[in-house]
Amino acid sequence: MPTPARGDACPGALRLHEAADGHLARVRIPGGLLQASQATALARAAEDLGDAHLDLTSRGNVQLRALPADAGQELAARLAEAALLPSPAHERIRNLVASPLSGLDDEGHADVTPLVPAVDAALLEDPATAALSGRFLFALDDGRGDTAALDADVTMLATPDGDLALTLPGVPGSLRLPPDQAPAAAHAAALLFLAAARASGTRAWRVAELPPGQALSTATLTELAARVPGARTAPAPTSPAPYGGPRPGPTPPREGRSALHALAPLGRLTAYRWRELAELAARHGAGTLRATPWRGIVVPGLTPARAGEAAAELARAGLVTGEGSSWEGVGACTGRPGCVKSLADVRADARAALDAAPGGLPVYWSGCERRCGHPRGTAWVDAVATGTGYDLAHRPADPAAAPRPAGRNVSADRLPEVLAAARRRPPTPGPRGTTPSGKSESRVFEYEKDGAAIYRESFATIRAEADLTGLPPDVAQVAVRMIHACGMTDLPRDLGHTPLVVARARQALRAGAPILCDANMVASGVTRKRLPADNEVICTLADPSVPELAARLGTTRSAAALELWRDRLDGAVVAVGNAPTALFRLLEMIEEGAPRPAAVIGVPVGFVGAAESKDALAVHASGLDHLIVRGRRGGSAMAAAALNAIASETE
């Protein structure tokens, strides 16, 4: 990660950021932990000073937008009164995430929630830590692997043996320490980073930005061990399987109580809805809320019945409180009109696309290449505005891994279809005996096993990647099937066809015409249930008379087998997918006065005669309705796919 060339301009509650829609304040909420009264104070501030909305960030913090330029003093007073501004000097450095469901379910190894205020207090007590940037991040993970995947600068992970394992980005090994020493360890790690940043003479905001000569190392862990009572260096802990954020909805009851996790679409809540959540917590829960780095709110301490009722109520209000929503895992930057650098109103575009697209991989919409607030620690779909559309790509959980394109400059009308394909999870190899969730199972790979879903994704991917412009709709449909059979999305550039070939072939099949195939592989590839009139599918290559015919005519058996078609050729649909000699012989027979077929699918494959035979069909004086693939490409699979698409329009 390159070292920044300028100072940290990250907004805070006191340092407001000027945006296109007014000024923005970011209020740090360590661990996402809020008293109901504090949440109510934030809602009132948003109503009185801003646009009556609150935005949840990717670190579980809260933003207020559309503030007047002179709102800073009034906002600071309100936050101080609500105990949300304990130290003005430190207000931007209180970036601390914690497992949102820690202590509320049976996952994880220990409840890290009580450590949040202790770590926060240790940082606030030292004036020196105020020099940290507004981007420096601490993480407390209860062992499930959720916040450990968020690229924090200092991560403390609960282990099965009751310790915490402190890790630093790019540093081999870990520091094992008793949980009660977490505040001291976080404080000491911060000071060591600041010392390294000063020694480097740079403006490094984060550990990964330190130049090589001053980067933290195993010596840093040794120094930490000397400063933190009871700590020792140790190998790095086994990384938990990627957990992602908590699923929306009520948690299973624990000691008679449930927690409810509600996701806010695009992380944005009205002040009214925010106050409603605070009231739910105060009247029916534990009096607290937990904002999550996945742009959701957890309400702990509800009875299972009340959690279920509240989930239904909030779902009717537009929040996500159950699985299966297309909004789960979806985020976006501010976009237009709030950000002058954005190339699109990404939130409006996201809503339009997601209304028609199923869920799946997380997707993040960005108005420009900066990708402000994008996900970390999970695979995700990257949707970046180009000015005329969106570039889509799969981003692996490992930020160092190369992205995989999923659509180039996709226009608004194609976004739902292309996005649906992109959000389907690609096969993910995992350790033997486990799945990506870490559950013990016998299979080695997590992959799609629903045949219908595979078809949907495949055809959506084809339509996203193939250039079908210029093809009539019925020919384009046939082309999609042919691409599905061969995997070559550039196939349309080599398609040649007469204007009515598909219409006339369909008309012939509906009238009961037979299908004549040059190879058994073509005939075998025809899906009989798609045929509109229980049509005969005929291949004469295996007829006992063919070898003698071939010898007498001095040609191949594939060409000789066509002699047995003469009494069935009139009005038939012909498919040549294997032998160029068969296609040449068909044209010779037509010139000799043989009956005309209704349509010819001419896609023989090979290096000798394949391209020439298809070119001959395209310019033949008979004017046969035809569909060809120019050049050497073709084959039985393509021919059968074309026949299946003609036989039935269903994809």
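Backbone N, Cα and C define each Cβ position, glycine as well.
Summarising the annotation, TrEMBL assigns compositional bias 'Pro residues' to 237-253.
Summarising the annotation, TrEMBL assigns domain 'Nitrite/Sulfite reductase ferredoxin-like' to 20-82 (among others). In the domain 'Nitrite/Sulfite reductase ferredoxin-like' (20-82), the DSSP tally of helix, strand and coil residues is 27 helix, 19 strand, 17 coil.
Among the features that TrEMBL reports, domain 'Nitrite/Sulfite reductase ferredoxin-like' is placed at 258-316 (among others).
Annotated domain 'Cobalamin biosynthesis precorrin-8X methylmutase CobH/CbiC' per TrEMBL: 454-648, in sequence order.
Residues of the region 'Disordered' (231-256) grouped by DSSP class, helix first, strand second and coil last, total 0 helix, 6 strand, 20 coil. For 231-256 (among others), the entry in TrEMBL reads region 'Disordered'.
As annotated by TrEMBL, region 'Disordered' applies to 420-443 (among others).
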- For the region 'Disordered' (231-256), sequence-distant contacts whose Cβ falls under 8 Å of one of its Cβ atoms, 6 or more beyond its ends: 100-101, 104-106, 141, 143-146, 148-149, 157, 159, 165-167, 172-178, 181, 185, 218, 221-222, 224-225, 262-263, 292-294, 296, 298, 302-304, 307-308, 311, 320-323, 325, 328-329, 362, 377-378, 397, 430, 434-438
- For the domain 'Nitrite/Sulfite reductase ferredoxin-like' (258-316), what are the DSSP-based totals of helix, strand and coil residues? 30 helix, 20 strand, 9 coil
- Query: Mean pLDDT over the domain 'Nitrite/Sulfite reductase ferredoxin-like' (258-316): what is the value?
  - Reply: 96
